[in-house]
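Participant: Sequence annotations record features per position, and here Swiss-Prot assigns topological domain 'Cytoplasmic' to 1-373 based on sequence analysis. Annotation source Swiss-Prot lists domain 'Protein kinase' at 16-276, citing sequence analysis. Per Swiss-Prot, the feature ATP binding site maps to Leu22, Gly23, Arg24, Gly25, Gly26, Met27, Gly28, Glu29, Val30, Lys45; the stated evidence is sequence analysis. Per Swiss-Prot, the feature phosphothreonine maps to Thr170; the stated evidence is similarity to another entry. For 307-318, the entry in Swiss-Prot reads compositional bias 'Pro residues'. Here Swiss-Prot flags 395-596 as topological domain 'Extracellular', drawing on sequence analysis.
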Amino acid sequence: MSDAQDSRVGSMFGPYHLKRLLGRGGMGEVYEAEHTVKEWTVAVKLMTAEFSKDPVFRERMKREARIAGRLQEPHVVPIHDYGEVDGQMFLEMRLVEGTDLDSVLKRFGPLTPPRAVAIITQIASALDAAHADGVMHRDVKPQNILITRDDFAYLVDFGIASATTDEKLTQLGTAVGTWKYMAPERFSNDEVTYRADIYALACVLHECLTGAPPYRADSAGTLVSSHLMGPIPQPSAIRPGIPKAFDAVVARGMAKKPEDRYASAGDLALAAHEALSDPDQDHAADILRRSQESTLPGTAAVTAQPPTMPTVTPPPIQAAPTGQPSWAPNSGPMPASGPTPTPQYYQGGGWGAPPSGGPSPWAQTPRKTNPWPLVAGAAAVVLVLVLGAIGIWIANRPKPVQPPQPVAEERLSALLLNSSEVNAVMGSSSMQPGKPITSMDSSPVTVSLPDCQGALYTSQDPVYAGTGYTAINGLISSEPGDNYEHWVNQAVVAFPTADKARAFVQTSADKWKNCAGKTVTVTNKAKTYRWTFADVKGSPPTITVIDTQEGAEGWECQRAMSVANNVVVDVNACGYQITNQAGQIAAKIVDKVNKE
């Protein structure tokens, strides 16, 4: 991409000397830049004044930067730093020399099935790592997938999409490109979970195999309608030679209902691998192995001079476009071992925007003279062996075992803890259970923030309504009388499938996290109470949160929710010295489920 008019090439931005414009989009610009203090080359994204001044955008982007900076996943480009300079937000990340997948597909057409699966497997690994840390990408598409000459794949732009496409899809010219990969629930008021990313990844798989996105339309309305109601296309019917088994993989990944999709991106990738013929499975494994062995993300630099083009001519699909730099070894000043540090906030700017248009080199490891090349080289060898082993394991891992049979409804009561088990956890000796509970609580409770009702109480009818659950069994335990010091409500809820149970917990986690730090007013039986939520701990399959009652002399409760097989475990433990009692009870119930 040439330096467009009004670019800031050649100027200084804080400590950065902006050397080359890499991309420009609706949110700002991306530059190759030299950090003049640290003496390394990075990619810097500069946000527009509009986004830099948006307080909601600023806070969400800071949070996403810290999370993305923590992700220890080789297929996520590390974020080094973020902040603002003279009121303009920026993001510093590793400079990666590569070509985005969209440009590869447009220039060379569809990929071979083994190569498509190898790339999808790597992106699935990045997504699963993000989802485990509570991050949704929300803009998975070929333009945000970067491919090196060795087919090492990176997923870029974590956090930016989630902060700008939640409720601000107003620029039609920019948004339509994203809408090609957007899950149906993104166009409605339904809850959006991590499975929207899985839908998008299935769309990308379809495009890798056929050369075109699943739905193409001249208008946004037609495109949205296709995602909501259109039949899911079959890759084998579009491009001869694609194994028919891919039709089922894409169909499940693009299921209209989130709960009908794969439970994880890795599950989708594994199913895609299984759809290949045996020779093609070996080919995909070779691609993965080669990409892992030839790429050293985050290793220390061993050369101060710009790299030269390899003497061996790479395949044409992997060649860099005219005007782009030659392929560079993945080297730079980041430590060769140990975790990538969480990015620090730079007092002086902000965040960058994704580049628009064609191929773009993205920040690979910064280049800097290293006085310890032997040490760095040794560390690089260790890392490449580890990554190679990971690639081999991913490609050649054994076929998945059959999932366990769903727990029968009549077995639910046996999963609950007995009185001695509850007393042991709560530090009491006289707690006794009441009558068994076999239906949801439909008491006329009013919560000022309705979405927080599930974070406050167990087995609530409004919370579970419409989720498809099939049965519930629960027990409430406390000391005798009205002046009890401990109170526990434990419930187990059966769903038709494990996927539906996991989807419910994921949805609950999203709602609980939105309640963190907030105070709600509860009206129950003509009485009013105020409860304040602490931060949510953990991520699905297990989440917990402590809520404290105002004016109750330290009375507080811990909510815990977990899932095992097709059973959701829903626990509330209350008392005056609450730590993680609900979490312990949930864990013990999960152990029982797993033994069924």
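Placed from the backbone N, Cα and C atoms, the Cβ positions cover glycine too.
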Participant: For the topological domain 'Extracellular' (395-596), provide the mean pLDDT of the predicted model.
Facilitator: 91
Participant: Within a 10 Å radius around the Cβ, which one of these binding-site residues has the most neighbouring Cβ atoms: Leu22, Val30?
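Facilitator: Neighbour-count leader: Val30.
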Participant: Arg24, Gly28: which of these binding-site residues has the highest Cβ count within 10 Å of its own Cβ?
Facilitator: Gly28
